[in-house]
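So the structure is just underneath, and the comments pick up after that.
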Amino acid sequence: MSQKQLKEAFISNLNGTSLLEVAVGLSLPPLCLLCRGLLLILYHLHHGKPVSSRNSSLLLDFLVLVSPLLFSCTVLSPVICVIPVILAAFCAAVFSKICRQRKQEGRVPFGQTVKEFRQAALDPESIPAVTVFRVYVNVLTAISILAVDFPQYPRRFAKAETYGTGAMDLGVGAFIFGNALVCPEVRQKPHVAQPKFSSLARQLFSVWPLVSLGFGRLLSLKSVEYHEHTSEYGVHWNFFFTLALVRLAASLLLAVLPKNNSWVAALALAVLYQLLLNTTSLKTFLLHGSSGTDGRLGFLDANREGLLSLFGYLAIYLASVQAGLWLRRRRSSVQGWLQALGDLAVAVLVLLLSLQVSQEHADPVSRRMANLSYCLWVLAHSLMLFIFFVATDLALVFTKLLVGGCSVPCCWNVVEPPNSSRKQGMEPVGREDKLPHLCLISAINKNQLLFFLLANVMTGAVNILVDTIHSKAAFTLCILHLYMFLNCLIMSILHAKNIVLKFW
């Protein structure tokens, strides 16, 4: 077999992993975020100021926010269920150290802080968990698209061939979910009258870079005979085209349908698509082609996975718009978000129960078809990850109140709680130092599409230059860390110079 055929075989005919293992893996990014926040608070307590060196902050962010994920999906993957326990224990140790430090300094009693925490007001204009969710989906995607070509990346985490729940299968759907959370239909002011098709016009203007990148990827892969997994999207199709068409189709539907009930349209679309798969020859065509022998005759046949899966991805997008609208409701207190977490947990439970029913009576999860089970799985686990991030934010809010006020980037700003009884001369609760150091999450967030594009370009370069299939563990870790650090460094430099490469 040629090198191209070897690499194609290496990422083909896989079956994914268990739902539980994917859920366990979702706890890692929030724990990394919590660890970073607690370390910054502890540093502030000891030195009376935040980390001042940009180089130090970038290194800390990379080592705490990114590096554990690299290890978890490669050499530490056999013990991935233990890693969250280790990270949680480390966070508990740091929190304990913070508590001992504040006790020595005679700060406000713990019980009073708990009361103030429940009454604390938060910045209602910001939901940091949305930004963190979108950035981390990008980071995990960037890690996986290169790591999957190395033997240290477990095959069970890669995309399943037809049925299965691989970590990369979830990543595709989570990318759609994250885009919908910040779409024009979600961000526009509810009481401001706007033309009916204004959001569609904005989407038409904003998706052209995705279409351009889709054609650029197609031409570059064909020109260098790069290895491709044809059953993923088809011969000519790719995810850039999928994302662009889903955004346009959703904006068109939401221009004529009430967006506040977009979940109804999502459910109807997903159920109807599943019925067509089960009661017609559509599933046979999707899996085996028009000839029944997995042939690729004509454009529709050649790209049947990418074209037909649009229905499932559109359903995910519409349901995610509903989630985004619900999250944007004005909640300006910790108490409000604690109640919201309970509501989100109920939604996740309902989705997981529906997933169980769908898998038993309709079809197992299939990213290749983007069937009903896949839609339910993506929505349940995306909301689960979002819950973890919000809970992490609230834990950091409590810790900041505990120490009397300090800054943690990409975390809620605390407003002075009502009836605060803090002693005169103590640091005000709402005072948050302006961080002079860079935040890696903010840096990536400013240029997310560029980050994703750079990851794709670097992945292609590494695969052309390196025999990834036969690489040793140490070499693999070096390559992956260098690849991610370079990408993060570029984002940080652009962020430091306040450069945003977006004009559409």
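Using N, Cα and C of the backbone, Cβ positions are placed for all residues, glycine too.
Among the features that TrEMBL reports, transmembrane segment is placed at 20-42, 62-95, 200-219, 239-257, 264-286, 306-325, 337-357, 377-398, 449-466, 472-494.
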Between the transmembrane segment (264-286) and the stretches 20-42, 239-257, 306-325, 449-466, work out which stretch tops the count of Cβ pairs under 8 Å.
-> 306-325
Of the listed stretches 337-357, 377-398, 449-466, 472-494, which one has the most C-beta pairs under 8 A with the transmembrane segment (62-95)?
-> 472-494
Are there three or more C-beta pairs under 8 angstroms joining the transmembrane segment (472-494) and the transmembrane segment (377-398), sequence spacing 6 or more?
-> no
What parts of the chain pack near the transmembrane segment (306-325), using Cβ distances under 8 Å and only residues at least 6 beyond its ends?
-> 130, 173, 176-177, 179-183, 185-186, 233-234, 237-238, 241-242, 245-247, 249-250, 253-254, 259-263, 265-267, 269-270, 273, 282, 286, 300, 367-372, 374-375, 378-379, 382-383
